[in-house]
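Undergrad: Under the heading region 'Disordered', TrEMBL lists 71-122, 458-478. Feature annotation from TrEMBL assigns compositional bias 'Low complexity' to 71-85. Annotation source TrEMBL lists compositional bias 'Polar residues' at 89-98. Sequence annotations record features per position, and here TrEMBL assigns repeat 'WD' to 164-205, 206-247, 248-289, 290-331.
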Amino acid sequence: MEAELPVEPQSLKKLSFKSLKRALDLFSPLHGHFPPLDPESKKIRMSHKLNTEYRGVKDTATSNAKAAAQSKAHQASAASNALALPGPENSTDPQKGVSNKDIVVGPTIQPSGSADNGFPGRNTVVPARGSSERNFSTSAIMERIPSKWPRPVWHAPWKNYRVISGHLGWVRSVAVDPSNTWFCTGSADRTIKIWDLASGRLKLTLTGHIEQIRGLAVSSKHTYMFSAGDDKQVKCWDLEQNKVIRSYHGHLSGVYCLAVHPTIDILLTGGRDSVCRVWDIRSKMQIHALSGHDNTVCSVFTRPTDPQVITGSHDTTIKFWDLRYGKTMATLTHHKKSVRAMALHPKEDCFASASAENIKKFSLPRGEFMHNMLSQQKTIINAMAVNEEGVLATGGDNGSMWFWDWRSGHNFQQDQTLVQPGSLDSEAGIYAMTYDLTGSRLITCEADKTIKMWKEDETATPETHPVHFKPPKDMRRF
């Protein structure tokens, strides 16, 4: 008879084996019964990862497969699955105090074999007699789906072709005439200037506000231009007489954004009093005060069909409004920071919104989230505009101009505006931008008191400026 081995205190390794054994007892398909054996598991037993101390006894482990067959009756009487460990039959680890006498040892599986059988890699600990169905790794058997993300359309890069000086303060707002012959800009110097779109020459300067002008809009149905500023005033200018004919009183603080409804004679303004106000253009009466935001309303746009009014606010939310009842239809809470700019696509029923963390696309009329743009500009985005060809332009506080492909969200160009001589480098911020009616010219208003005009580079080709596009790895799109 063999001498009795000294009994040593239970080690952490042995306790972990007991814990695993207890877990298998609890979660086995039939309590107290073995799971059905797989045909492959009769030939091959999964083994524990080969540790460095067991590499020298690899051949010994193969010989123990015969001992495993002889102890089949002993296995059947076991209460639960045993863990497969390579090692000599009667060996005892002097450091761990674990006797391997009663442990079933199977032949080790090479890495190549594990891939063929669909089992996980060598790092996985699995029961020796467990069902192979429980041992599958999800990542190993999951079908690799090719990316369905749309490839971006090639767009020519944009370049700055004109710099217009004339304002004496930050240029804060811009609007283009519906006839596409002139555009107007509002500035912190309290003036509105009208410029010729083709030549960039100054045509007219209008004075009347006593603070900086943050919002401008030109009516397509009347010869009216509307302006709003930090002086709480909203003014209607008759462009035939070049003077103010109406003022809309009601805002309690500065007015930050302004929009004209495309089909109805109403005007929408939003400001620091957290309210978007709806005005009747002719009667100067306030129709609605769309209240519900918790902070400054800094962006608004309108459309002829529901939802007709959409506002973005410093409280990080976007609200859809029912214009008939003056009530909120929906609130989008996807952004984490202030929504300072929004852009409605001229053809598709969707819009984009920008905040400091990213740019998101939403569908209309329900406001379903579509996807994020694939890059982060990592600055406060004050202005954005999109044309019919699907070129989205965004301008940041640090003077960065990024151009995006609308459909795929791919950023195909990054540019940096240059401040005019005599200005500080910190005055490179972009505060407003818009395309002309053709979508071929982009106008930006900047903190260095200039207006810059951009157009596509006509000499560029897909060969000189290829698209460097990598589809996102995950398909979640958010």
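Just so it is clear, glycine is given a Cβ too, placed from its N, Cα and C backbone atoms.
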Undergrad: For the repeat 'WD' (164-205), how many residues does DSSP put in helix, in strand and in coil?
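TA: Its residues divide into 0 helix, 24 strand, 18 coil.
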Undergrad: Tell me, roughly as an integer, the mean pLDDT over the repeat 'WD' (206-247).
TA: 96
Undergrad: DSSP helix, strand and coil counts for the repeat 'WD' (248-289)?
TA: 0 helix, 23 strand, 19 coil
Undergrad: Using DSSP, tally how many residues of the repeat 'WD' (290-331) sit in helix, strand and coil.
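TA: Here the numbers are 0 helix, 23 strand, 19 coil.
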